[in-house]
Amino acid sequence: MILINSKNSELKNIVILATGGTIAGTGIAGKTTNYKAGNLDIKSLVDSVPSLDEIANISYQQIANVDSNDITIDHWLTLANRINEISKQSDVDGFVITHGTDTLEETAYFLDLTVKTNKPVIVTGAMRPSTATSADGPLNLYQSVALAANDLSKGQGCMVVFADGIYSGRNVQKVNTFKTNAFNSIDLGCLGYMRDNIPYFLNKSIKPHTVDTEFDIFGLKELPQVSIAYFNIDADPLIIDYLAQKSEGLVIAGAGCGTFSSAWIKKVKELETKGIPVVRSSRTGSGIILKDYAIDKSTNCIPGNTLAPSKARILLSLALTKTRDYSEIKRIFEEY
Ligand code: ASP
């Protein structure tokens, strides 16, 4: 239960759940580098955005205040459970999550698969700290609140708003290390644009999300451990043994179409009888991976479809909360 500010009865009630990141970062006045992420609290952040109270009634809660490299599965479970719980309140219309950009795409996909509401859930952040000249956080936050408060956003899954673009939590990727236009979905395109507080939707993801997924995190204290192995020329196959000791599933960030050496293929085969599924994704950043008769000889080898390695890891981990059956996991990777 959260106490909702419903000051203006004509406006929607939006809840901001803050986790930190550069959007809440502070540093040397004017500079964009060498700052501390996760330093401002959500109240100061909200107060820094002009006319936010003209587009929605804002309530907020600080879930964490960390650099997003320090986000953990505990934070994910807390966030998803908070959204699932608060969304049952009839006086809540939508959510905005403020987050560091480095791992924002992972949290957005996790929420896309695990929140159980049709109410809008928007994730945003900033590339420049709040103290920089032309900080991008205030506009990203303003547009995220506007999107969360718009009826067109209902039932669209978890979305990301960044630099005037709207992206699906499934397809969004960080594509630049420092520019403010740091997110897009490469070949898969954006869902639409934001101009000031108005969304212009153009596309829709057909992949199941939120209320239509089979994943339920209620009551879970942790998620099955899934690790990622990055393949490169002459990569040591022993890394697979090392990761397999600690993991219930593996993702390989393969070359090209999710490929790797014959030494790695042999290692993956060895994991078949140990019950460890291995998802093949690609380090290229775009494209689709389908069954490859030369590589997917062992039943535990699963094509990762269009998911980037960090997102394939999330889906595999959630799949493992439901099943250990390789063909079921393959079905999940084709469907989501
Ligand atoms: N390191 C920061 C973070 O992910 C970067 C950012 O937010 O832009 O928290």
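Using the three backbone atoms N, Cα and C, a Cβ is placed for every residue, glycine included.
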Given that TrEMBL annotates Thr101, Asp102 as substrate-binding, name the residue from Ser68, Ser134, Ser144 that shares the site.
Ser68
Under DSSP, is Thr22 (active site, O-isoaspartyl threonine intermediate) helix, strand or coil?
helix
Residues sitting within 8 A of the centre of the Ser68, Thr101, Asp102 CB atoms (substrate site), not counting those, run Gly21, Thr22, Ala37, Asp67, Asn69, His99, Gly100, Thr103, Leu104, Gly125, Lys174
If you count, for each of the recorded positions Thr22, Ser68, Thr101, Asp102, the other Cβ atoms lying within 10 Å of its Cβ, which residue has the minimum?
Asp102
Using C-alpha atoms only, work out the spacing between Ser68 (substrate binding site) and Thr22 (active site, O-isoaspartyl threonine intermediate) and round it to an integer in Å.
9
Please average pLDDT over the domain 'Asparaginase/glutaminase C-terminal' (225-333) for the predicted structure.
97
The record names Ser68, Thr101, Asp102 as the residues that bind substrate; what is their largest Cα to Cα distance in Å?
7
